[in-house]
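Trainee: My questions will all concern the structure given below.
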Amino acid sequence: KKEDKVVPVLLLQHHLLHSSHFSRESSVMFSLTVNSPKPLSLSTPFLPSHPHPLPTITHKPNLTPRPISALIIPPSGQRNQQYSTAPPQQQQLYQPFRPPPSPLPPKFRNLDINSKLEVLANRLGLWYEYAPLIPSLTSEGFTPSTLEEITGITGVEQNRLVVAAQVRDTLVECGLDEETLLFFESGGAELLYEIRLLSGKQRSDAARFVVRNGFDMKQAQDLARAMKDFPRRRIDYGWDKFTGDSPGDCLAFWFFRLAQEHAAAAAEELRVEAMEKALEVVETESARNVLVEVLEGKGVDKDSVIDEQVKVPLVRMKLGEVAESTKVVVLPVCKAEKREFEVEAAPWECGGVGDFGVVEAEKDWRRWVVLPGWQPIAGLERGGVAVSFKSGKLLPWKEKRKYKEEPVLVVADRGRKEVVVDDGFYLVLSGGNGSGDEGLMVERGLPLKEMGVEKSLGMVLLVVRPPRWEDEEQLIDED
C-alpha cells in the first residue's frame, strides 16, 4: 500500500517534466518532491514484473530542472570563484576605518583615566598640553562639576583652558614668531581666551600687540571687541583715517567713539581720558592727526558731517550688535501703511530714568525697536521715530532685486521737518498708485522743492536692513 501511494506522484512528475507549458509553481513542487529526504521506490503494473523490487533510487535524475533560486543565485563555489577573479581595484574601494589623530600630546595618549586626573590635579606639564585632557575626560562621562571636585579646576577655568589651547594651535598654524609664543608657554591662557572671536590673522596680530603692550585680561577683551567691531563702523566720522589691519588703530577708534559718547553726555573729563587712551595705542599717522585735531577742538562739526558727507547711511544689522553696543537708542515704530497718523501720534521723548536706567516714555506705545547708538542717531533725544516698510522698493535709489524685497526701517527726525537740503532725504506721504495703497515714502529734497513741498514728516537719518544668518561676517559655530 505504501508503494501504491508513490506511483501517482511519479506519474504526475513525469507528465509535468514532458509538458512544454508547465508553470513556475509546478517546477517548485517538483523540486521539493525530488529533494525529499525520504527514499522513493518504483513499483507499477505498467513495467515488466521482476521477482525482486528495483533498488532504491538514491541519486537525483539528470532531467530534474533546477530550482528557480538556482537560476538566480549562483552556487557557492561559483560565487567564490567570481569574487576571487574580481579586479584588484574593486577590492580596494573599501578601506578600513582609521580614527582621527588624537589631540593629546604623545606623552599623554596612553594614560588611563586615573593618570589623566592626576595630571590635571597636579598641573603636570604645560597648560596647553594638559588642557586637551579635559574634553578627553568629558567624553569618558565626567562632568565639569565632577572634574572640579577631583582636580580643583573650576568649570570656568576648564572652558578657558580648552579654548585658549585651541587659539594657541591656530597661532602656531599661522606661523606666529617664537618670541611671542614663548610668552604663552607658562601662562597667558586668559589672554588667548579673550581673542577667540577673531580670525586667524587677527589673532596673530592681537597676540603680538597684547604681548608688546603688556595688556591684562580686560584690555585684551577690549582689543578683541574693537577689532571685531571696526568693520561695522564705516559710517562713523573719521573711520577712513584709521587702518583696520592695525590692532592699535582699531582700539584707538574704539576709544575715539567712546569719547564722542562722553561728549554727548557732557562728561568732559571722561572724554579727555578716552582721547588720551586712544593716543597711547594708535599706530598710524593719519589716525593720530584726527585724534589730535579733535582733542584740540579743531575737528569737523558732526552735524555738517551728517548733512554734507553722509546723507543717509544704509546699514545692515549684525546679530548680537545691540548687546555689544555701549550705547543704544530706543525708538517707537510706526507702519508705513498707516500714513501720517501713527507718525504724528508716536511718543516724542523716552529715556532712561533712575539708577537702573529704566526706559520711560511720555505716553504708551505698542511697538518699539532698540538700535545701536550709531552716530547719526546717537544724539537723537527727542522726536525720533522708526517707520517700518515691507520692502525697499519705495527707497529713492537703485537697489538690487534681492534687497528690494527685504523689509527696512527708516529712522527720521520729526524735529527737522523743513525741506532745506537738496541732497537730503525726507519722509513724506505717498501719492498712491490708484489701488488705494497710499502710505509713506522716502523722497529727495530737490524733487520735493520742485513740487513746492516745504514741510515733511521728518528728515531721514538712517535706513536699517535686518540681520541675515548667512552673513559671512557672523561668528562660526566653533567661536
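Cβ atoms here come from the backbone N, Cα and C positions, even for glycine.
Automatic prediction, not curation, is the source of TrEMBL annotations.
Got these off TrEMBL a minute ago, pasting:
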- 112-172: domain 'Rubisco accumulation factor 1 helix turn helix' (DOMAIN)
- 184-294: domain 'Rubisco accumulation factor 1 alpha-helical' (DOMAIN)
- 312-468: domain 'Rubisco accumulation factor 1 C-terminal' (DOMAIN)
Trainee: Please average pLDDT over the domain 'Rubisco accumulation factor 1 helix turn helix' (112-172) for the predicted structure.
Mentor: 89
Trainee: DSSP says what for the domain 'Rubisco accumulation factor 1 alpha-helical' (184-294): how many helix, strand, coil residues?
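Mentor: So the domain 'Rubisco accumulation factor 1 alpha-helical' (184-294) is made up of 81 helix, 0 strand, 30 coil.
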Trainee: Of the residues in the domain 'Rubisco accumulation factor 1 helix turn helix' (112-172), how many are helix, strand and coil by DSSP?
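Mentor: Going through the domain 'Rubisco accumulation factor 1 helix turn helix' (112-172) residue by residue, I get 47 helix, 0 strand, 14 coil.
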